[in-house]
């Protein structure tokens, strides 16, 4: 019809009908010529319009429903009330003006105070009992005030010409009256073409019971018993039950007889529903007649075995109810039926409608389950302009609990992806004890907030498809330093024997504690090794990009074949934030999974003293809690260091690790050359003095941390032998990098001088800026008193795996720009990991040919800053200053001379302010004073002045943002890296468990026609095939097609490059407090404020309409409107920016 076409184009129903002069197009379409005998209006808005029924009659087409006159009378709620009052004889029950006890006239002066001329039905009536209300639609807000003055609050506005919850608002106070009147009128006008409202006394906590009636042309009327529709929100039914549980038989008789009485009063024909409220005392009140088939008619059909639609059609043909075998005495209740309306509404956001494309649809089925579908199919577009109903699910069982169990099972089998649904909420309803007991009322949802404790759907498969599609369209999600593809072959995992791994040093630690563990290390005959492959090696060679996926593959082999290791360094340092920032992994989950796979070897982490695993200072309680939780998750040895060897920072970290029950390994960061008498700042005496302080503080193990690989064999002998002589019972642990190529020789010298442990890496992950070769140390000590007892053949297999794994990370491999180590490290003293990063950065900034100048500038920058210990973050400070000097063409002399005018890197300024501690020998002057001028300076330990962080408040904040699945580990991640953690959580919420993808798929996605498997967990494997990527659509998206477990799946992916060239409405940024976004997709129907206006918290800002429901967007804060980004009648998507407040 033309009218329908106009509605589809966006006009209101009333406007469309006006444009067609009623329903003339119906006759113009010549229904008889098209063999159209009748029209069934369904249960949409047209089914309640008398003018549509009349148009059908005028066109010679039968309207399957009541006569136009009955539709008009019943559709006018005020007239329907009058008919109800007039129906039958007064039977002694409280009627009309008698509200439920405690409501209506009680306590307000009785009936004498009621203005009878305005509300005539409040005098003693006869017929069906009704709720006190106006006898005609009100015409002004003043009349609503008058009614509320008479009957008190609460009251309810109802649309006079329609139902379904549209135009219905409950008002509890005078302050709410005007806003709710306006909203109800607007909703009624939009939905029914007429904004007329009437007002009733609102009966609190009633049951909503409705009776199904059926009549014919011959005056036969019967009922098909009742339905309980009490479970509602916004006055819209959510779950319907037939029959009503625990309904008194006498009350059932009164309800059904009043319904039949009312139907006979108007000569009702065809199907209809008479609706009642039943108060807590068992008194019932008529509220309205729905002169149509109801959405929930299905439950009546299930318990009576009467096909209502079939009966409707035959009644319209002229057949009588007896002809159809329908007699009241034959209608019986058989069991119980429950209907759930599955809608595209998000219960977590106050049931706001969700829109979009259904990517996956799978329904639950089985015995006793009936499905009535609406627009539920894969590929369907859910629009904000239509009702949100997807499918009605009906369960039939012998009784209420049986039907509920069947329904719960069916809903659990549903899979709807692409749009939010209310299924999790419905599942909570079905599991609620009050529901199962059958004692619900209309306040059930409001009084059970636990219904909104929703268990989020995992949706893992679809999220992974979104990620793969995103990478296929937009490229890698993690920054790629060089253009190099991952190796096409996976690394070979060597065989692992069945059974538990052999005992290792961790068994000693668990049995004897940190002190006993340290004694066992010191008493061990031979050299012990710590393997850095799982952390520092790949940090130095592969930009810290190795994923947990590849670590887990080789972990069982390590547990079974390297049980003689002192420890494995696998956590802390840069791996913590990089895991979240670039790999989208939880670093805590990595620790937990590796601990499970390697139970016998101690784990070691890098703790940056008072900085924990961050780059700044944290409150002391954060550092202590971090160590406590790390220990609980499986960490054993805490290597505690400070980038400046600043003792107060180190002591805090040591205390935190020790109080957590960990092994404390205090690490002295090494620089300079103790074997060179001319290098006096960091002399042997300096290191010995610092060692004394650390031993006095209670360290279990002492470590020399040579980050740049500056320890020459002679220096090793001097330093280690001096430490061994001074501390004969203390285990000594030496860490170095092999940048110069002398790493193996240096570590052998340390071992011969008395070191107990040295650090190595798998052969294929060693050398250059990494640690010395494991195989070289094992071979060189074999058969000597320093024998490591590590089998060489196991080292070969281990190295072969890592050689293959390294190929997967070709885009991050330092060999892309650096082909060897360099002995000039003895001059520039650049730490191993930083040497790699600087090389990458120099090339990315176009300074690749000037890397020699960068290294020279690094030396000058170090001297400008006072010759620092160079470890993260102090090494970064020196590096930032060096690159600043190269970029600006500054020599040391020029930079120092212009220090007062130059804008130095932030890291340099904060160092000079004292934010990371006090360097040995103090700050460089006058350079410091020139740079800082009047900026504040930190005195003493930087973190000492920080107040404790309220971790409980932070947890609550995280739960509010990310849901209930927030762990103590998450809280600590957010405490140290708030922005990184927030992005990580949002990213993984969108793209799912990326750790289940192999590294090649993670980095570059699948090739077209490639087939692969993804194991989500044991026994759950996805079989995926990438099929095609479409051309760009007008929304800047590409459709990516997959085959998942044999079924076609497609997703829409925004092409980020293309969208830069297209205009789209801006989105509200969640982290920017003053940006107000659309809470749901919809149309702007009213704007309440303008730019420059002052607003208060809770003040209405604008009104959105979606799926015929209006939502008022209120201000979350007090402030001034800076800019309004929307206009009236604009259509918005979810989170589109509405306005900004400052």
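One is the number of the first residue shown, and numbering goes on along the chain from there.
Yeah, the Cβs are placed from backbone N, Cα and C, and that goes for glycine too.
What TrEMBL says about this one:
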- 1-450: domain 'Biotin carboxylation' (DOMAIN)
- 77, 200, 235: ATP binding site (BINDING)
- 92-113: region 'Disordered' (REGION)
- 120-317: domain 'ATP-grasp' (DOMAIN)
- 527-796: domain 'Pyruvate carboxyltransferase' (DOMAIN)
- 608, 872: substrate binding site (BINDING)
- 1073-1142: domain 'Lipoyl-binding' (DOMAIN)
- 1108: N6-biotinyllysine (MOD_RES)
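Between the C-alpha atoms of residue 77 (ATP binding site) and residue 608 (substrate binding site), the distance comes to 73 Å. The Cβ neighbour count for residue 235 (ATP binding site), using a 10 Å radius and every protein chain shown, is 17. In this structure, the binding-site residues 77, 608 were compared by how many other Cβ atoms lie within 10 Å of their Cβ, and the smallest count belongs to 77. DSSP labels the residues of the domain 'Lipoyl-binding' (1073-1142) in these numbers: 0 helix, 38 strand, 32 coil. Of the chain residues outside the ATP site list 77, 200, 235, 133, 156, 157, 158, 159, 168, 198, 287, 288 have their Cβ within 8 Å of the site's Cβ mean position.
The binding residues for ATP are recorded as 77, 200, 235; their greatest pairwise CA distance is 16 Å. On the backbone, the CA of residue 200 (ATP binding site) and the CA of residue 608 (substrate binding site) stand 68 Å apart. Taking the Cα atom of each, residue 872 (substrate binding site) and residue 235 (ATP binding site) are about 61 angstrom apart.
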